[in-house]
Every structure is written in C-alpha cells, then in structure tokens.
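Chemist: Let me give you the structure first, and then I'll get to my questions.
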Amino acid sequence: MASVDMGGVDYDQAWICVMAELPGLKERHVAFARLHHPSNLGPTCQEVQLVILVVTPSKEKATKSTLETGRTFSTLFTDLAFRHQLLSTTSKEAFRQMLREKAAQMARDHGGTDARKNSTHLTVFDEDHSTKSRCIVGRSLLGDLKRRLPHYWSDYKDGFIGPKTGHKVTAAIFFLYFACVLPNLAFGMLNSDNTEGAIGVKKILFSQMFGGIAFALFGGQPLIVLLTTAPLALYTKIIFSISEDFGLDFRAFFACVGLWNAGFLVLYSLFGVSRLMKWSSRSTEEIFSLFITFAFSADAIKDCLKDFKTNYHTDACHPSSENATLFNATNSSSSNSASTVLSTTLPSNVAYGILNNLDNASILNTSAQTTTATNLGAIEECMRENSILFLLLMLGTVWVGLTLFNFTKTPYLTAGKREILADYALPISVLFVSFFGSYIFRDVKLKPFQYDPNEAMFEVAPMTSLSAGAVIAAAGLGFSLSLLFFMDQNISSALVNTPNNKLQKGAAYHWDLFTVAIINGFLSIFAFPWVHAALPHSPLHVRALADLEERVEQGHVQQIVVHVRETRISGIVSHVMIGLSMFLLPRPLTYIPRPVLDGLFLYVAITALYGNQLFDRVLLLFTEQAAYPPNHYIRRVPQRKIHAFTALQLVQLLVLCVFGFSPYPYMKMVFPVLLMFLMPIR
C-alpha cells in the first residue's frame with residue numbers, strides 16, 4: 001500500500017510481494033516474475049504485473065528476516081517511475097542492474113542530507129536559501145533558473161530516448177498541431193470581424209508560431225502550451241470599440257495596451273508575485289478549469305445555433321400565405337391577357353386550338369418565372385442541408401475522437417494498438433471527418449474560412465500618434481489584462497505541475513511569467529494578437545506525453561500517471577508545423593469544415609473533465625450512494641460536507657459564468673478581478 005498525496009490510503013495494484021520462511025533453508029532467496037499481461041490476484045490486486053517472492057530461513061537475524069527483506073523490495077517497487085522502467089527492460093541482466101542502481105541511489109539518499117538539499121522537487125513556494133539575499137528583486141527568477149537550467153539539455157534528450165518515446169512524442173506533436181491551429185483559424189476570423197480586418201488569420205498563426213517556439217526554447221516548464229483565447233479576443237474587441245469611440249488609431253492603442261500588460265507582468269515576475277498562488281487551492285483550479293470547459297462548449301453550441309438560424313429557420317424556408325396569394329394572382333392575370341389577344345386577332349376555331357396550347361405554355365412559363373422570382377432568395381438562403389451536415393460533422397468529430405480516446409478501455413485489438421489509437425484520437429477524428437465532409441458531401445457548400453492573403457505583416461504600430469490621456473487609459477486596460485494573464489498563466493502552470501503528474505524537474509512559475517511578458521511585448525509592437533498559457537491544452541499535452549497505469553477497485557477503473565516525458569521537442573516541432581501552415585493558406589486548410597472545429601472544441605472540453613474532482617462530485621448528486629466510487633474523500637469526509645462544499649464551488653462558478661458570458665463587453669472586464677477573489681474566498 002502507498003499513501004497518496006491527497007490523503008487516505010491507496011492500494012498499489014501493479015505488484016505484489018509474497019514472503020515465506022522455510023526451516024530447511026540456509027540462506028535467503030529472492031525471485032522476480034514479470035507477467036506478460038496484468039492479472040487479477042484478488043480484491044486489491046486486480047492489475048498485478050510484477051511478483052516478488054522472498055524466502056528466508058526460519059532462524060535469521062532481524063535485519064535479514066523475511067519482513068525486513070520484503071520491506072526493502074517493497075520500498076523499491078513503490079516508486080512508480082522505477083517500476084515503469086523495470087517493465088520496459090528487455091533482459092534479466094538489465095533488470096538486475098536497475099535494481100542494484102536503485103538500491104545504491106536509495107542508500108546514498110538516506111546516508112546524508114546533501115542529496116535532499118539538492119533535490120529538484122522544489123516548487124515556487126519553497127525557499128531556496130542558496131539564492132536568498134537582501135534584495136528581493138529577481139530572487140524568484142534566479143531560483144527558477146537554478147532549478148531548471150541543469151535539466152535544459154535533458155529536455156531535448158528526453159524527447160528521443162526511452163521506451164515508446166518516439167511514438168508518444170509524435171502523437172503529442174500532432175495533438176498540439178490540430179489543437180492549436182484550428183482554434184487559431186476560428187479566433188482569426190473572429191478578430192478579423194471585430195477589428196474590420198486589422199487582425200486576421202495570418203497574424204494569429206504567426207503569433208502562435210512565434211510564441212510557441214520561443215516559449216518551448218526559453219520557457220521554464222516546456223509542457224505549458226501558449227494560445228490566444230476567447231477572453232483575449234474579447235479584449236481586442238473592447239480595445240477596437242474604444243478606439244472607434246474616441247477616434248484613436250486601433251493598432252497604436254492595441255500596441256500600447258499590450259506593452260503596459262507586458263510591463264506589469266515583468267514587475268510581477270521580478271517581485272515574485274506568483275507566490276500569491278500558494279493561496280490558490282485545488283478548488284480554484286477546478287472552478288476555473290470547469291469554466292474554460294463551459295466556454296469551449298458555449299462557442300461550439302453558439303456556432304451551431306447561428307448556422308441553423310442562417311440556413312434552416314429563415315423566411316425563405318417558410319413562405320408566407322401572402323406570397324402564395326400573389327403567386328396565384330400573377331398567373332391568373334397572365335393567362336387572361338393571353339386569351340384576350342388571341343380572340344381578337346384570329347378566327348374562333350383557329351384561336352381555340354392555339355389558345356389551349358398557348359394557355360398551357362403561358363401558364364407554365366409564367367409559373368416558372370414567378371416561382372424563380374419569388375423563391376430566388378430561397379435558393380440562396382434556405383439551405384437546410386447545410387445545417388444538418390453542420391450538426392452531423394460537429395457531433396461526428398466528438399464521437400470519433402472520444403471513441404478513440406477511450407479505446408484503451410475496450411477489449412478490441414492488442415494493448416499496444418489500443419494505446420496508439422488513443423494517442424492519435426484528435427488528429428484521426430479531424431482528418432477523417434474533414435474528408436467525410438469535404439469529399440463525400442462535396443455537393444453541400446459549407447461556408448469556408450475567411451482569409452485575407454494581403455493582410456499586412458510586421459508594420460510597427462504608430463504609438464507616437466497617441467495622446468497622454470490615451471496612454472493613461474491604455475495603462476488601465478493593460479493592468480486589467482495583466483491580471484487575466486497572471487491568473488491564466490499560473491493556474492495552467494499549477495495544473496501542469498500538480499503532484500499527480502509525477503514531474504521530476506521542478507516548476508518555474510516566475511520565469512515562465514517573465515518569458516510570456518517578453519513574448520507579448522514583442523507581439524504588441526507589431527499589433528499581433530497576444531498569447532498566454534491555455535487550458536485545457538496544457539494538461540492535455542502532459543497527458544499525451546505520459547505513460548498511464550490503470551487501477552481497478554470495486555469495479556471503478558482509475559488511470560494513474562506513471563511517467564511523463566518532460567521534453568521541449570513536441571512544442572518546438574508542432575509550432576514549426578503551424579508556421580509552415582501559413583504557406584498552406586488558403587488551401588488545404590480550408591478543406592477542414594467549420595463544424596469540425598466546433599467538434600474539436602467540444603472534444604477538448606469533454607476530455608478536460610477527466611480528473612476534475614468538482615465535476616466528479618457534481619455527478620455524485622445524481623448517483624446512487626451504493627455506487628459511489630471508492631475515493632479518499634468519500635471514505636473520510638461525511639457526505640453532507642462533500643455536497644455542501646460542492647454547492648459552494650458551484651456558486652462561485654455561477655458568478656464567473658454570469659460575468660464571463662455577459663452580453664455587455666465592459667462587464668466582462670471585471671472577470672480577471674473575480675478570478676483573483678477566488679483565492680481569499682477559499
């Protein structure tokens with residue numbers, strides 16, 4: 001058994017140690033067995049893959065007894081990362097060598113305090129006395145650099161070396177590419193509409209490429225993913241509205257706000273303001289993470305409803321009774337006039353024969369013309385097949401993605417193939433459904449991505465045109481924006497560096513914030529859109545690079561992170577690919593239908609719910625008590641307190657949603673301040 005970080009006791013089901021004493025033995029023996037497939041050996045041993053057999057003589061001194069020998073090997077096998085390495089060895093000698101090295105390392109660690117002092121498992125809240133000085137300015141930055149610099153080259157090496165590393169890193173690269181480039185296209189079109197073309201798809205792709213590569217190269221925690229988000233698009237819209245109202249140059253005002261924001265972020269990092277995040281508990285992280293899930297879902301649902309309103313529920317699809325009356329009157333007048341002309345110019349018998357044919361032709365021609373004139377708008381506007389296909393492609397992307405994501409829980413194929421399909425769930429679903437929509441249903445013309453190939457790039461914003469009052473107003477907007485950056489960046493960092501992810505190289509909250517400030521300062525000079533750490537992309541990036549271990553208890557399957565490849569390679573390569581995508585515009589990226597993007601939003605939102613305790617506790621409200629999962633808080637906390645705490649979190653989430661989804665843009669500017677207030681409330 002092993003104690004988990006959240007309290008309580010957790011059964012480690014991947015190995016079992018069997019001990020026995022035999023009177024006929026003269027010396028102790030230890031045997032190991034590595035099973036080809038996990039086996040069920042009992043209620044708390046349902047996924048056993050390693051078996052340790054310890055046999056000792058009945059008369060043996062206490063230090064070499066069965067209990068002490070079993071305790072020693074149990075200590076070794078409790079280490080998840082070490083046990084994962086043992087499972088990946090290819091020979092008996094390599095297995096023995098790893099045991100010897102691990103035992104020697106543990107002896108060194110227990111032999112003195114130097115190793116513990118030099119441990120890299122430091123967080124932003126730990127005091128590093130070696131860098132402590134009278135000057136507080138920059139102390140936290142130096143601590144982060146001292147913690148992360150020794151691992152800089154290993155961040156590259158770990159992207160190539162190790163079992164299944166090539167497969168995992170490649171899957172993470174494709175995940176990041178599709179999870180970043182498609183939202184960029186959506187936010188690029190949104191910004192283009194909000195700014196009348198001043199910021200478009202091309203600029204947002206460059207911001208993503210530059211920010212992603214720069215952070216992957218120089219950031220402290222390379223597993224964090226930078227992205228432009230919906231709140232940033234909202235701020236851009238507000239800045240454009242203010243510029244229009246007061247007659248300011250938008251690009252100059254936008255750049256000034258961005259530079260103020262970068263300046264505040266530099267001050268936060270120099271003075272170690274990220275230490276305030278020690279008051280940000282798991283509750284705050286869960287509330288904000290669930291809010292982001294709602295935001296992604298709302299964007300997708302809003303797009304779907306807008307498409308139905310444009311193509312399905314229109315006046316052209318529901319002709320009124322007045323149009324039908326007018327249609328009949330027009331036909332009647334046309335046929336009467338034709339009859340009158342013929343009867344006055346031809347003999348009656350000839351006129352009668354011609355009249356029948358002419359009446360029919362006249363009616364048909366007039367009907368066709370009238371129908372064409374009346375329903376011309378219907379041909380252009382009533383396109384119900386577009387809406388049906390929109391819904392089909394959006395839900396199809398979600399279904400294919402989630403089916404493959406959870407494929408490891410099915411009995412189909414082999415374990416290795418199931419893992420490959422789960423790792424590539426997002427790119428497979430996007431490509432498959434895009435082909436389905438663009439080729440199979442090519443006769444249905446969906447609205448393509450809007451793209452301006454002549455969008456101006458690398459033009460320095462004319463900030464000298466701003467007055468002193470405009471600069472001061474930009475400072476106020478920049479401060480509010482910096483609070484959003486501060487909370488988003490640090491909450492994303494906290495979710496990446498959570499102890500559950502078993503990261504080994506330490507965090508770098510202050511240095512990461514400083515790096516983001518420099519990146520956005522550069523982008524602001526040219527009026528490029530801003531980027532910051534994104535949820536849920538950052539935790540999902542960690543999961544894409546992780547090896548998982550399943551544990552079964554009372555019928556509930558739980559996935560535990562065993563090992564994460566802490567590498568910069570996935571971030572660098574994926575953002576280089578995003579940069580190359582700029583040369584693929586407008587084709588072939590426009591072959592990806594818009595509903596596939598909305599399906600990706602829903603996929604990311606749903607997969608982000610895995611492991612969110614707030615969501616799990618909300619489900620308890622609708623779950624029979626006998627079917628509650630055997631979580632540590634259910635075992636130790638009364639049910640009434642669990643539900644009361646969940647209700648308080650839901651109230652805080654409701655307040656965030658009221659301000660975050662408000663139809664009034666200026667009301668949304670209060671959102672970063674509300675995020676800050678979540679910490680003292682907790």
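Here the Cβ of each residue, glycine as well, is placed from N, Cα and C on the backbone.
In TrEMBL, annotation is done automatically, which means it is predicted and not curated.
The shown structure was predicted, so the numbers you read here are calculated from the model rather than taken from an experiment.
According to TrEMBL, the record shows the following:
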DOMAIN    140-682  domain 'Bicarbonate transporter-like transmembrane'
TRANSMEM  169-190  transmembrane segment
TRANSMEM  210-236  transmembrane segment
TRANSMEM  248-271  transmembrane segment
TRANSMEM  388-408  transmembrane segment
TRANSMEM  420-441  transmembrane segment
TRANSMEM  461-487  transmembrane segment
TRANSMEM  508-531  transmembrane segment
TRANSMEM  600-622  transmembrane segment
TRANSMEM  642-666  transmembrane segment
Chemist: Out of 388-408, 420-441, 508-531, which stretch has the largest tally of CB pairs under 8 angstroms to the transmembrane segment (600-622)?
Modeler: 388-408
Chemist: When you look at the transmembrane segment (388-408) alongside the transmembrane segment (210-236), do they share 3+ Cβ pairs under 8 Å, ignoring any pair fewer than 6 residues apart in sequence?
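Modeler: Answer no, regions not in contact.
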Chemist: So which residues does the transmembrane segment (248-271) touch in its own chain, when a touch means Cβ under 8 Å and the partner is 6 or more beyond its ends?
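Modeler: Contacts of the transmembrane segment (248-271) (Cβ under 8 Å, skipping residues fewer than 6 from its ends): 136-138, 140-141, 195, 198-199, 235-236, 239-240, 242, 459, 461-466, 470-471, 474-475, 477-479, 481-482, 485-486, 510-511, 513-514, 516-518, 520-521, 523-527, 530.
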Chemist: For the transmembrane segment (420-441), give me same-chain residues lying six or more residues beyond its boundaries with a C-beta closer than 8 angstroms to one of its C-beta atoms, as numbers and ranges.
Modeler: 167-168, 171, 174-175, 177-179, 182, 389, 393, 396-397, 400-408, 413, 544, 591-593, 595-596, 599-600, 603
